Every structure is written in structure tokens, then in C-alpha cells.
């Protein structure tokens with residue numbers, strides 16, 4: 001029987017508090033099964049077409065590929081919207097078949113596809129405008145004001161990571177935030193209004209509530225808050241220690257009990273502090289594992305890096321990369337065309353068609369990133385047999401966590417030594433503390449930023465933060481949770497949150513907080529299974545574990561990966577921990593960094609460091625030109641009037657044109673994955689990006 005046919009208009013239906021129909025009274029489960037079978041076939045084809053269009057755009061940015069991508073997205077959105085009444089005609093919450101009920105639940109939320117066509121087109125243009133500002137902005141060189149082609153990925157990231165010139169760092173930070181944030185500000189209130197409208201059409205109160213529904217817990221925000229409180233003492237110890245090192249580096253521009261200026265931490269968003277290890281590492285004369293020099297000496301190629309990444313997975317008994325992966329991926333930046341270089345893994349909804357898009361460079365960092373992205377690919381391959389509704393991580397954080405879990409082993413000194421990439425590395429106490437410090441600078445210091453990025457947006461979606469105080473509230477939260485502040489005056493002319501990819505592209509960010517916590521739970525479980533870790537055994541600590549070569553660990557991982565999102569994430573957690581827990585827990589992360597925490601507590605005690613930070617007693621205004629500033633730090637050459645605007649950041653981009661706008665691909669942040677169809681953010685056209 002054809003089931004795309006009927007909608008019983010007379011059916012009794014349950015409606016949400018917003019008056020939105022949630023489900024009807026068709027109880028025939030056989031009809032529902034047939035409906036889902038057809039849905040799976042048609043949605044798989046639409047998904048494949050959309051991913052191809054997204055791929056062509058991401059690997060060859062031009063007006064034609066952009067138009068094709070938008071048309072494919074609209075085609076999918078139109079299909080989803082047209083069948084939505086049929087989905088909501090079923091009384092799926094009453095189904096006895098729980099698997100059937102779960103699939104219907106997933107496709108009953110269609111995100112922005114619920115919008116009327118004109119609103120959907122408007123939202124796409126708004127998102128295209130924000131994405132265009134972010135992806136095309138360049139700034140002028142601090143040392144050569146006539147050179148105005150510095151890009152974020154190739155140039156600014158390197159300057160922030162390597163320069164020790166305070167004024168140059170400030171220039172780069174200020175110019176990027178203003179060139180990106182100010183033109184983007186006009187779009188954001190429209191984006192908020194339209195996504196909130198879509199959320200209400202899906203039966204939610206606001207966009208934040210819709211995002212959180214992917215975690216299938218009514219208390220998830222409380223759980224996240226409690227996890228943060230577990231981690232906060234260690235974060236504050238690292239903050240105090242780093243602040244002292246920065247005071248030694250920059251002298252009188254940082255207070256001994258204050259927040260840290262955002263631009264001196266080696267990263268545009270102060271989310272990763274790893275690049276300041278050159279003057280902040282605890283033991284200056286001891287090294288940190290880095291295979292770059294040896295890789296170059298041994299004439300490593302990008303191809304070899306990917307082959308070694310594959311060998312890591314096959315050593316666990318997991319699947320090798322399929323032929324399409326090797327013939328169709330983009331491993332290096334091509335010549336002669338614009339591409340989105342952000343590393344990402346792609347699922348083309350066609351089983352063995354999986355790819356990585358990455359502008360790989362032969363170095364230690366990209367070697368680890370290759371393993372991370374291949375973690376996503378392995379997840380795709382393992383759940384590829386499932387219906388399309390289930391081809392996703394158990395929750396949005398699981399996909400990110402899998403890649404990072406493998407990277408914890410692949411980047412360890414033990415593993416790099418096995419590969420003969422650390423010939424002169426001495427694995428003593430000082431080197432171990434340095435290594436843990438570098439890891440914590442990336443993993444621990446990221447957590448409050450990832451929390452604040454969505455906490456700020458939740459408040460906006462709820463109406464607790466308005467257009468009048470977007471920027472001041474952003475800095476209020478970042479100061480409270482991260483202990484950082486801007487070094488120059490900020491006002492409501494600015495829109496500093498927009499300087500982050502995931503804000504500009506409307507990508508939910510809590511997934512990264514979740515992934516950073518659960519990856520250590522996964523790591524502990526796999527290390528136990530591999531026999532590479534024993535609790536309370538100083539000879540087999542968690543931070544020295546390498547699961548390479550363990551078929552037992554691979555089998556355990558495979559069991560969880562194959563589940564996709566077919567079960568609630570606590571069940572997936574229970575599988576990989578062999579029943580030890582079904583909850584998120586910061587305990588394994590804290591155990592991993594325990595030696596570092598003990599070292600820092602003693603060092604901070606000896607130096608009588610202030611733990612935490614006091615406010616700089618600045619007025620927090622909600623007026624249209626309120627400022628958040630540090631009065632002890634003067635503006636520098638970053639305000640030089642000779643600095644020119646980039647020609648590619650024209651703030652007059654119109655909502656009514658496409659030619660000045662770009663849309664990001666279907667990948668998300670430091671990696672991409674197929675976004676579940678109950679969270680169709682940006683209709684599969686946002687990067688999950690993030691590099692975070």
C-alpha cells in the first residue's frame with residue numbers, strides 16, 4: 001500500500017504547547033514500516049545528491065557550485081517538508097515496536113525545513129551572508145600595511161601561534177574580530193528570529209531546546225554544568241600557572257589576579273593554549289613529543305601519512321579505507337581553485353563512498369588530525385548498514401570523541417616511538433609533565449569556551465540576551481568561565497562571537513564539550529580491554545596507554561560504532577564501558593591529568609599564585625555602545641589608521657543577492673559528518689567543523 005498518500009485530516013492529533021501537531025492516530029505499524037522503507041530509499045538518494053553538491057562546492061568554490069548546492073539543499077528540504085504531514089499522521093509514540101517508534105521520532109523533527117518557503121530562502125541568504133563574511137575576510141599585515149591578503153587558516157593562525165610580539169598579536173586579533181564581526185552583526189538577529197520560528201514549528205520553545213533534544217535528556221544542561229564544576233579546579237590551576245608565565249613574558253600588561261588578555265594565548269579564540277608551550281612548559285629543557293622534524297627527515301609524504309593512519313585502524317581489526325576514499329578524497333590544497341581547507345570527513349550516504357577533505361601538511365599536528373578524521377570515516381563504515389535515520393553518532397558528541405580517542409593513542413610518545421619518529425626523545429618525569437601540559441592546554445582549556453559558545457546562544461534564543469547586549473554579554477560569560485578578556489575596548493558595534501566559524505555558520509557547539517569529556521571515558525575503556533592500563537598501577541598509567549595492535553580493543557569499539565544512533569547514547573556508553581557506566585563522567589579525564597594537577601598545585605603554592613581571577617571592575621553596560629575593556633592595556637599599532645580594509649569584507653553584502661555570498665559545505669567543524677535528520681541544521685550545509 002502506498003503510504004505517501006494519505007493524511008487523515010479528521011484524525012485526532014496531539015499538539016505541542018506551541019500548537020504544533022506532533023502525531024496523529026494512525027496506529028498501523030505495518031504501514032509505518034513500509035513508509036520508513038520508502039523514506040530510507042528516497043532520503044538516501046537525496047542525501048547522496050546533496051553531499052555531492054556540497055563536496056563540489058567545498059572543493060571548488062564558485063557561483064555555479066554554490067547555486068547547485070543551494071538547489072540540492074532546497075530539494076531535500078522540500079521533500080522533507082512535503083512528507084512531514086504523513087509522519088505526524090502516525091500515532092508513533094503508541095507503537096509497540098520501539099525501534100519503529102525511535103525512527104519515527106527522529107524524522108518527526110525536521111529543523112529549518114519546517115519554515116515557509118520564503119522564510120527558508122531568507123534564512124539561507126542570511127546564513128550565506130554570515131558564511132561569506134567569515135570565509136572571505138582577509139586582513140593587512142602588521143609589518144607591511146600594504147599587504148592585505150592575510151587569511152585565517154594560512155596566515156593568522158600561524159602568527160598567533162608563533163609570534164611573541166605583543167602588538168602584532170593584538171593587531172591580528174583586533175583586525176580579525178572587527179573585519180568579521182562587525183559586517184556579520186546585522187545578519188544575526190534575523191538568523192535568531194528565523195531559527196526560533198523553525199524550532200517552534202517543530203514543537204520546541206526555541207532553537208536551543210531543539211539542539212539539546214539530540215541528547216535525549218531533559219536534564220542535560222544540568223549534567224553539563226556539573227561536569228564543568230568537576231573540571232573547573234584543574235582549569236583554574238592551569239590558568240594561574242600560565243598567567244604567571246605570560247606575566248614573565250609580557251611584564252606589566254597582565255595583572256597577577258586578573259583575567260588574561262585573549263590575544264596572547266596562541267589561538268584566535270583562546271580555545272587552545274597549546275602554542276604557548278614554548279615559553280610556558282613546566283620543564284623548559286625537556287621536550288614535548290613532536291614528530292615533525294623526523295617526518296621531514298624521513299621524507300614523509302601526505303599519502304604516507306594517510307596510509308599510516310589506515311594501518312592504525314587495521315591493526316585494531318577495524319575496516320580499511322575503501323577504494324573511493326583513495327581515489328576521491330582531497331588530501332592536499334589544489335592549485336588554481338578556491339577550496340574550504342578546514343579538515344573534514346564526509347559520508348556520501350552510499351556505504352563505501354567516504355572521503356576526507358584536508359589541506360594536509362607534513363607535520364605532527366596534521367599526522368594526528370589524519371587519525372582523527374579517519375575515526376569519523378570508521379564510524380561511517382561501521383554503521384553504514386543501518387537505516388539512514390540511524391547513520392549518525394549516538395549523540396552529537398560521539399562522532400567527535402571517536403576521532404579524538406584514537407588520536408590519544410596515535411599521538412602518544414609510546415606510539416610515535418614505535419614508528420621511529422622520536423629518535424632523541426627521553427621519556428622521563430619532566431618530559432611526561434611537559435607532554436601532559438601540552439595536552440591539557442588543548443583539552444582542558446577548551447572546555448569553558450565550548451560551554452560558553454552555546455550557553456551564550458541558549459540565552460539569546462530564550463530572549464535573555466538581546467541585540468542590545470550581544471557583545472557585552474559574550475565577554476561577561478567568557479570572563480566568568482574562561483578568565484579571559486579583550487585587551488582593547490569593545491562595544492555593541494562589534495560582534496566578536498561572529499569571529500568563530502560555528503557562530504557564523506550556525507553549528508551547535510556543545511558537541512565538542514561532550515566529546516572532550518567522553519573521549520577519555522572511551523580511552524580508559526579501550527585501554528583496559530587492551531591490557532595497556534591498570535587502575536592504581538603506576539607502571540601502566542592512563543596517560544601512557546597506546547591501544548595500537550589490540551584486536552580486543554578494536555572489537556569493543558566496533559560493537560559501539562555499529563550501533564550508530566539506533567539506541568539512546570547511554571546504552572552506547574554502557575557497551576563500550578562493558579556496563580561500568582552509562583553516564584558522562586569527568587573522572588577519567590581528571591585521572592589522565594592527575595600527575596599534572598599535582599605538579600601545578602605545588603608550583604602555584606610555592607609561587608603564592610592567586611587561583612582564579614578577579615574582575616577588572618569595568619562597567620558592564622547594555623547600552624548600544626557599551627564597552628568591555630582592560631584599562632591597564634593600551635591600544636597599540638593595531639589601531640594604526642594606515643591599516644586598510646580587506647576588499648573581500650565589504651559590509652554592504654545584501655540579503656537579496658547571491659553573488660557576494662558563500663555557503664559552507666555539509667561538514668561540521670574540525671570534521672564533517674552526516675547530520676541527523678532530526679537536526680537538519682543548515683540543511684546539511686554547515687561545516688562541523690569545528691578545528692574546532
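Counting starts with 1 at the first residue shown.
Positions of Cβ are set from backbone N, Cα and C atoms, glycine also.
The stretch that TrEMBL tags with region 'Disordered', taken from the ranges 580-615, 616-651, is 616-651. Counting every protein chain shown, 28 other Cβ atoms lie within 10 Å of the Cβ of residue 373 (active site, proton acceptor 1).
A gap of 8 Å separates the Cα atoms of residue 400 (Zn(2+) 1 binding site) and residue 511 (chloride binding site).
Each of the binding-site residues 372, 376, 511 was scored by other CB atoms within 10 A of its CB, and the lowest score goes to 372.
Taking the C-alpha positions, the distance from residue 373 (active site, proton acceptor 1) to residue 511 (chloride binding site) comes to 16 Å. Fewest Cβ neighbours within 10 Å among the binding-site residues 215, 400: this applies to 215.
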